[in-house]
Amino acid sequence: MEQIRLLLLLTIRVLSGSAQFNGYNCDANLHSRFPAERDISVYCGVQAITMKINFCTVLFSGYSETDLALNGRHGDSHCRGFINNNTFPAVVIFIINLSTLEGCGNNLVVSTIPGVSAYGNATSVQIGNISGYIDTPDPPTIISYLPGLLYKFSCSYPLEYLVNNTQLASSSAAISVRENNGTFVSTLNLLLYNDSTYNQQLIIPSIGLPLKTKVFAAVQATNLDGRWNVLMDYCYTTPSGNPNDDIRYDLFLSCDKDPQTTVIENGRSQRGRFSFEVFRFVKHKNQKMSTVFLHCVTKLCRADDCPFLMPICSHRERRDAGRRTTWSSQSSSGSAVLSAGPIITRSDETPTNNSQLGSPSVPPFQLNAITSALISGMVILGVMSFSLLVCPLALLHRKGPTSLVLNGIRNPVFD
């Protein structure tokens, strides 16, 4: 009788839990609780901010998906989420497009981060922080027995990316150069192009560039006479728009150069040019797309003195270095950090494709079941044939020496 009562209680509990979750992909044993901080996931993507909220705990708290809205905009259907019941647990998804990030009252705060480049130049980057919340409406009564739900989120991006995330942003820098007869100011720009003609600027599709796509970069100067050239000291990449990011990958620095990077022109004219193949940062391994920002530390140098400011890499240049004359402090200007990006790259989802991108495209040799069986049969047949050939030879070899040592009676006829 006690067992029947226990079974009846368990059945009632399961039925009540199923009724409470209304057939959604929830577990009454796991999700019969109020929401916690772990019930929201925030993804700061390259084109949108995505929030996923555990819908099961929302149901347990007595609310539905229509009760959740961005920043208290419960009367605006565009500020609500939608349910995805194909996951466990079921979730409510909110998506904020970066192109319309302030549509539902999200807050954008701009701050400036100071920094110092490798050459000691002071740099600053403007960062845009997007923040907001998702909540339930206040009840019309004085008291309520339902808990109020509140989920907060925040994402940070380079400001130039938020201004127009559909196009590449490029920074410029003004360099002041002092001469004997005065001072002039030249403006430098870092631009990205599709091909080696440098006619059409780089256009990135919404799905991103495939890995190993070749991108052509150019540093150009304006308001510059023929006595001065552009010299790129070094160029590197970061996953964010901050040139001082702790994660960086050098494309070329002094005599060291990335194997996929080609310096086309540097220090020989009023434009520096190079190309490189796009990649993804490993820190973006859980994302379908990766962001790459390009930075170049650049200066102006006198056309006659630029070769002397280039790094000495070959043995001949080292031998001839002693013949070089000294130059004055007016031979070059101060350095400036130029940035461009983001370059959005997409990663193939299959590991095989990723590994093939970094190796020669030689199709791997694979054995199917039939081929393996044929090879195995040929090996067995060869072993048996070899055994049949070796055994008689071994017997003959064993009998031969024995017959040679046989002794008989001497025949007198041969005397």
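A Cβ is built for glycine as well, from the same backbone N, Cα and C atoms used for every other residue.
Since this is a predicted model, take the numbers as computed values, not measurements.
Per Swiss-Prot, the features are:
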type     : residues      : note
TOPO_DOM : 20-372        : topological domain 'Extracellular'
DOMAIN   : 43-320        : domain 'ZP'
DISULFID : Cys44-Cys155  : disulfide bond
DISULFID : Cys79-Cys104  : disulfide bond
CARBOHYD : Asn164        : N-linked glycosylation site
DISULFID : Cys235-Cys296 : disulfide bond
DISULFID : Cys255-Cys313 : disulfide bond
REGION   : 323-359       : region 'Disordered'
COMPBIAS : 328-339       : compositional bias 'Low complexity'
COMPBIAS : 350-359       : compositional bias 'Polar residues'
TRANSMEM : 373-393       : transmembrane segment
TOPO_DOM : 394-415       : topological domain 'Cytoplasmic'
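With the fewest other C-beta atoms within 10 Å around its C-beta, Cys313 stands out among the disulfide-bonded residues Cys79, Cys104, Cys155, Cys313. Across the fold, the C-alpha of Cys313 (disulfide bond) and the C-alpha of Cys44 (disulfide bond) stand 43 Å from each other.
If you measure from the Cα atom of Cys296 (disulfide bond) to that of Cys79 (disulfide bond), you get 41 Å.
The Cβ of Cys255 has fewer other Cβ atoms within 10 Å than any other of the disulfide-bonded residues Cys44, Cys235, Cys255, Cys296. Counting in whole angstrom, Cys44 (disulfide bond) lies 37 from Cys255 (disulfide bond) by their C-alpha atoms.
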